[in-house]
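Some notes on the structure that comes next.
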Amino acid sequence: MSSAPRGPPSVAPLPAGIGRSTAKTPGLPGSLEMGPLTFRDVAIEFSLEEWQCLDTSQQNLYRNVMLDNYRNLVFLGIAVSKPDLITCLEQGKEPCNMKRHAMVAKPPVVCSHFAQDLWPKQGLKDSFQKVILRRYGKYGHENLQLRKGCKSADEHKVHKRGYNGLNQCLTTTQSKIFQCDKYVKVLHKFSNSNIHKKRQTGKKPFKCKECGKSCCILSQLTQHKKTATRVNFYKCKTCGKAFNQFSNLTKHKIIHPEVNPYKCEECGKAFNQSLTLTKHKKIHTEEKPYKCEDCGKVFSVFSVLTKHKIIHTGTKPYNCEECGKGFSIFSTLTKHKIIHTGEKPYKCNECGKAFNWSSTLTKHKRIHTGEKPYKCEECGKAFNQSSTLTRHKIVHTGEKPYKCEECGKAFKRSTTLTKHKRIYTKEKPYKCEECGKAFSVFSTLTKHKIIHTGAKPYKCEECGSAFRAFSTLTEHKRVHTGEKPYKCNECGKAFNWSSTLTKHKRIHTGEKPYKCEECGKAFNRSSNLTRHKKIHTGEKPYKPKRCDSAFDNTPNFSRHKRNHMGEKS
């Protein structure tokens with residue numbers, strides 16, 4: 001194919017009117033071969049550094065433009081296989097074909113544009129026009145013309161006159177070409193060219209006065225200030241409360257009944273979405289349609305099953321940068337990070353108490369509202385937490401799934417088993433800061449601390465006796481009432497306290513969990529072991545005032561005292 005020495009070159013008809021010219025064009029070097037238009041001709045690539053400098057709105061704009069360009073090519077009937085870039089963008093991922101190094105500009109081509117009736121919409125024409133500037137503007141845009149595959153030079157001249165307005169767009173000051181030293185970029189405004197250069201040099205001239213953070217463009221600094229200064233842009237129309245994030249406003253709206261039209265008939269709780277109400281109802285019905293194929297455990301919500309499955313794989317892809325701890329779920333890592341920051345962003349409006357997590361605040365609020373949405377089907381007792389209901393159910397079933405490997409004893413709760421194991425391990429992780437005494441159970445430490453303060457806030461109305469712990473007062477009241485609620489299933493004997501029943505049961509089972517490390521002798525009570533140890537140490541702490549005798553236990557000491565008083569033992 002040849003072109004006339006003067007005038008516009010002739011272009012062979014192309015499929016759908018699209019293609020590249022094979023002719024030499026004045027002002028442009030080299031002879032170019034004809035080829036079909038590809039997605040690469042209308043795609044814009046970013047380096048990793050450039051992509052990271054874009055804010056979210058700019059990245060979203062890029063995604064939309066690239067997807068539109070691809071759809072337009074398909075609309076025009078051009079056979080284009082789906083590029084990896086488009087697949088990534090459709091899935092919401094980062095672009096897959098980011099440049100890892102500086103790109104060298106390819107030799108230009110003369111891009112033949114299309115007749116007006118071949119453009120499906122104006123936006124496509126504008127997009128192609130910008131791409132021409134980006135790819136070929138370096139070589140001068142005065143030679144780029146919109147052409148149709150015309151049969152003669154005269155027909156081409158007539159056609160050309162219809163595109164004067166569009167050709168003028170290529171020569172306006174708004175479309176000046178700015179050459180970046182590292183990347184061949186065409187930017188349509190001088191300010192954009194400056195921004196691009198700042199991103200490549202790493203300069204960040206815009207600094208936040210509050211925290212010292214630097215940004216490469218002013219818009220990034222503005223966005224940062226919104227977060228840093230906690231400016232409340234989003235206002236609740238119902239109560240007037242303002243928030244700095246739209247998501248926080250959405251969560252807040254739930255507290256207003258007028259925006260929660262979906263109400264639970266069982267407990268009266270209201271929700272702003274019917275789907276949320278449906279999920280909530282499963283609490284009352286105990287419906288659990290989602291079953292784990294590995295262990296058979298069932299769940300009421302599919303997302304919880306998905307999270308549960310990770311237990312079987314053992315995968316923990318989310319690691320804490322502070323302590324290195326790994327987590328199977330990203331949200332768990334986010335919650336964990338609050339431990340290091342000490343942040344407690346969730347505050348109770350009733351009492352002012354603050355919490356690390358929103359779920360803890362939700363549970364806490366039930367103390368004030370008295371809400372108990374979790375009801376036992378056996379006895380009708382209600383609870384404010386699902387975990388408490390789960391533990392309660394074991395009372396009816398009698399199930400004891402947690403077994404001690406040392407002695408074979410079984411327990412209803414895992415926490416009770418953990419405490420029990422400390423008998424053998426001698427572990428005492430809870431230490432008193434005042435006296436250094438250590439305990440195996442946290443509640444025992446809490447009770448012990450009151451010794452140092454001397455406080456006895458719990459008083460008996462019958463006799464006036466005061467106690468440090470509420471549970472001790474409850475047990476004391478049984479002295480007056482004669483109540484013995486703890487009954488032995490073996491012999492029928494009843495006791496005031498559960499601890500006494502536990503000790504009594506060892507008579508029937510023969511269990512002796514307290515073992516002497518010196519001689520190996522075992523005892524069914526810790527107090528008996530303590531007394532026994534004095535045999536090995538020779539300690540005799542009990543001494544009468546009237547003589548030099550000493551005793552290693554209180555019973556012998558008491559008998560000796562009665563001898564002094566003339567009493568017969």
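Easy rule for this one: first residue shown is 1, then count along the chain.
Here the Cβ of each residue, glycine as well, is placed from N, Cα and C on the backbone.
Since this is a predicted model, take the numbers as computed values, not measurements.
Of the candidate ranges 50-71, 116-137, 160-181, 402-423, Swiss-Prot annotates residues 402-423 with the feature zinc finger. Counting C-beta pairs under 8 angstroms (sequence separation of 6 or more), the zinc finger (430-452) fails to reach the zinc finger (486-508), with fewer than 3 such pairs. Here the region 'Disordered' (536-569) has long-range neighbours at 516, 518-519, meaning same-chain residues at least 6 beyond its ends whose C-beta is under 8 angstroms from one of its own. Within its own chain, the zinc finger (346-368) is flanked in space by residues 251, 335, 338-339, 384-385, which lie at least six positions past its ends and keep a Cβ under 8 Å from the stretch. For the zinc finger (374-396), DSSP puts the residue distribution at 11 helix, 4 strand, 8 coil. Helix, strand and coil counts under DSSP for the zinc finger (542-564) come to 11 helix, 2 strand, 10 coil.
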